[in-house]
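What TrEMBL records for 12-31 is transmembrane segment. Annotation comment: TrEMBL describes His226, Val227, Tyr228 as beta-D-galactose binding site.
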Amino acid sequence: VNSVCSRHRIIVVAVSVCGVAGVVLAVYFATGNSSHDSSGKTLAWKEDDAVIPTEEPFGEIKDGRKVKRFTFTNKNNITVRIISYGATITDILMPDKNGVILDISLGFDTAAEYEDRHTKIGAALGRITERLKGAKFTIDGVEYNVSANEGQNQVHGGFYGFDSKLFDAKIKGNKVEMTYVSPDGEEGFPGELTSVISFQLTNENELILDYRATTTKATPINLSNHVYFNLEGHKAGKNGDHLISVFSDTYVPIDEALLPKGDGELATVNGTIFDFQNPTLVRKVINDFIVSCYSFGDRGTRKHVARLENPTNGRYIDVFTTEPGLDVYFSSRMKPNLYGKDGAMYGPFEDGGVCLIPMQLPSGINMPNFPDTILRPEEIYTQRTIYKFGVK
């Protein structure tokens, strides 16, 4: 249930949590520095009511442009850091059940490493998340050919997707807002696309990502983020002891090119390796599982789609999204011996992380059976994803 009051500038969100009795009620203050009580009296917006980010330099990229880093720390000792290169989540530090704080997200130490490694770890994905069949599509009778960076197909927006772009980033109240204007024709896509990604950390331990985009020409769009999680700490090396739950009974079958079969099919997860309706030990499936997108129905409705947990240290992440799909990926195609931050060594499967990527269904513009993914000039694209961190 969403309730929006433009005068009071408050958004109230009630979320029903799958498998947990009760309701989570969160109040988010929109941009602005005051609110009102029931009598209409103006109240000061206190900083201790919200988690206020800080800004600092984070080096520069090859062309000399400066990269910014933003840090949120809430009252529960959760810290999130984001950089303007790729709108990338670089660090997520959280305590376990014994109060031990570790960084649970994979990443690198410097802006130069993010630029040179080109791994998309923690970064924004756009204009298209996942694969685009044939690296082409047709809109209103016009065929467009886009960059093919994986054989004959495109993945994650092409050779230089949003993960490799420097966003215009600034603090706005209790949020960090990052904007990128993708020129008409970039990677072959039509229209000038203006995308804004807003990051917010709450004292309810929610990392909120809000996406908004407009275009000058009809274009496909499917924005997300490629953060990698390891709840044992990003340096732990082994993630097989995680339990994963995905609250869907349908998924998208894929072919050898990792593209949706046929015109876009949905199949039941029952009796398959893709069935995570109950908590499933990652180690049992990781070696036979490449990637899978799960279906949750229509866009726009907030849904509790997944939980990742570590039964040893008690850390867990709940994922909520307005998107109709969730991509699950266990680092099966990560490069081996990939040097990460703090001297970590990453690699495929158990040596990597777990990705939970809310998105529209893959290659949707080329799949007649999947929902439309076209954004037109008179429309506004919006998407919200929430990662809620906890300990039990």
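Cβ coordinates are placed from backbone N, Cα and C, and glycine is handled just like the others.
Bear in mind that TrEMBL entries carry predicted annotations, made automatically and left uncurated.
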His226, Val227, Tyr228: which of these binding-site residues has the sparsest Cβ neighbourhood within 10 Å?
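Each of the binding-site residues His226, Val227, Tyr228 was scored; lowest Cβ tally within 10 Å is His226.
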List, in sequence order, the residues of the same chain other than His226, Val227, Tyr228 whose Cβ lies within 8 Å of the centroid of the Cβ atoms of the recorded beta-D-galactose site.
Ile89, Ser105, Leu106, Lys120, Ile121, Gly122, Ala123, Asn225, Phe229, Gly353, Cys355, Ile357
Helix, strand or coil for Val227 (beta-D-galactose binding site)? Use DSSP.
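Assignment for Val227 (beta-D-galactose binding site) reads coil.
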